[in-house]
């Protein structure tokens, strides 16, 4: 038996053997160099040559300036040289430059060899390559900074947006949660943040005439009949105060089509609505379709230039629209009226519409001066630019009493021509069975029909509605009739005479007789096929972006596991959406220990995926070289928790398997208990407790986290999984459960793990049949050979 040595120097080796042994070990482990007292290199090992790219002959006789990089200031080297010149050992990390110009980072320990006079004779430097660690640290820093900046920008927009914003997140049961709103939303509707959190309070102040319409549109939104809608609605702030808002609701859906989030945007349009209602109150609905068609509608920029005008300008004033657009409006006015009109124009832009209009003379193309009367308002276009909106009426004939009848007939004929030339189709149908058409404008020829097709055959416009849309259109018409709506909007497809299909928007106004009985419906039908096509393209682009994100995330998960002779490894990952929040990995701790991790980020979609990405990078940094899983998770929690939004957390299991002792040390941070299946058929659930990552910033998490261990034998199978497997439900609501998972693993525990994970996946899918997948599913298996 070899005698025991109480010190390293008392090993049963002679000096030559001991020196050769130590030198071989140092050469294998470290980058090593020896310099004399002046710093001249007198020896380097093979590791030094390999990483620097220099031959030994190129290095010996040189100083370390040959590999000096520009990463450190002169003060760094001054301090470093003072330390070792004084005979002290120096430890630190610095950057060197290889022969090819690339930089590499090393962790270095430099030990002086002192002479009899106490001064250094030689310096021995041991270095290890930490370039990868430095690169990973920089990558993590950049990712954390990007995440922080993005969160700040989103928070700033939410808090300071000029419109009201609300959102609700749907739970796994398909029911929406609290109503989250920003300050502007509360300011518009007159509720506090706490009151607005309960959506019933918002419904309570909604005008009764608008509540049913909103409920119907919202139901269609949730049922998948539409992805968004906009409506103008009233909020009864007090008995004497009503606020008009333009509400837009949008939903996000998962891959199964279930609603996951509900977003609302609210714009205060009270002033604009009041102006519109004031104008509408002066004009009958007949004037809307006919009389206003004889008037000139135009929009003017704040600089006074015409940006839009109706075809009535050409009819009334003789100028072609191409000659007028972009010109100054005052260039057509009589000089006597320019000043008054400019003041009227500026007052309308600055202060809104006025009950008083203005009268002026405007130049005809033939040189005559025509008297006009104008009423005006202003609006904001989709780009946020304010513009002047004016309606000009020819009042010359009003001043000529003897020409009134002739003028009225001329205007009516002109109005009919304008209606017939309009790109929209005007339809008047009777409130009777099949809604027979009594009038349709000639512009219906754009769909291949003439008015007689409907009028002479007593057909309704429903006759050309696409068969797939007909039941919905009829149901909506009946619903509007039952609700007593005065006007409504629909979108549906029509079949043209040539068999092609076009999307149209139908804005309908209801006519009633003196007793309030509905007699007719007046519809303005506009082709919106290009808009619908653009919306479809935009949807496809969004889906393509999500698929790209999913591909990137897929590359972050391991597809090929390390070739470890002592164990067999296989995994399964099935996200519920294009991108998910589950994470698994196999991490090298050192040459004889490997870490196995499975995590489940709360929530789904982009938010969970971002947290998963940060968690992966942090785990890889913290796991290297650390034999205690508890120490790793405590450090990970301290690094990740500040970046997680309130209420978000990560359930995680992390175990380190020692190949020599076959001991598995592990921690459960709020995660499902792993299953350990033995060759005897017994199944154990691994113990241990702890908070999920992100719920506490440190002290409580550290105290509650337990580190356990178990010894595994040949044939033992460790199953790590997320609750997306055990909580997968069939149409009856039954969950797959931990027992079914254990049974499916037991039945096939002797087979290769690649076949086992496929079998488990098939069992889960067959169990769920047609039920939607609401959660990510992940399974990581490790079997001791």
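For all residues, glycine too, the Cβ spot is worked out from N, Cα and C.
Automatic prediction, not curation, is the source of TrEMBL annotations.
As recorded in TrEMBL:
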type   : residues : note
DOMAIN : 32-73    : domain 'PAS'
DOMAIN : 88-142   : domain 'PAC'
DOMAIN : 170-225  : domain 'PAS'
DOMAIN : 229-281  : domain 'PAC'
DOMAIN : 282-352  : domain 'PAS'
DOMAIN : 356-407  : domain 'PAC'
DOMAIN : 488-540  : domain 'PAC'
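Spatially, the domain 'PAC' (488-540) is not adjacent to the domain 'PAC' (229-281); fewer than three Cβ-Cβ distances between them are under 8 Å for residues at least 6 apart in sequence. Within its own chain, the domain 'PAS' (32-73) has Cβ neighbours under 8 Å at 26, 81, 94-100, 103-104, 106, 119-127, 129, counting only residues six or more beyond its boundaries. Helix first, then strand, then coil: DSSP counts for the domain 'PAC' (229-281) stand at 12 helix, 33 strand, 8 coil.
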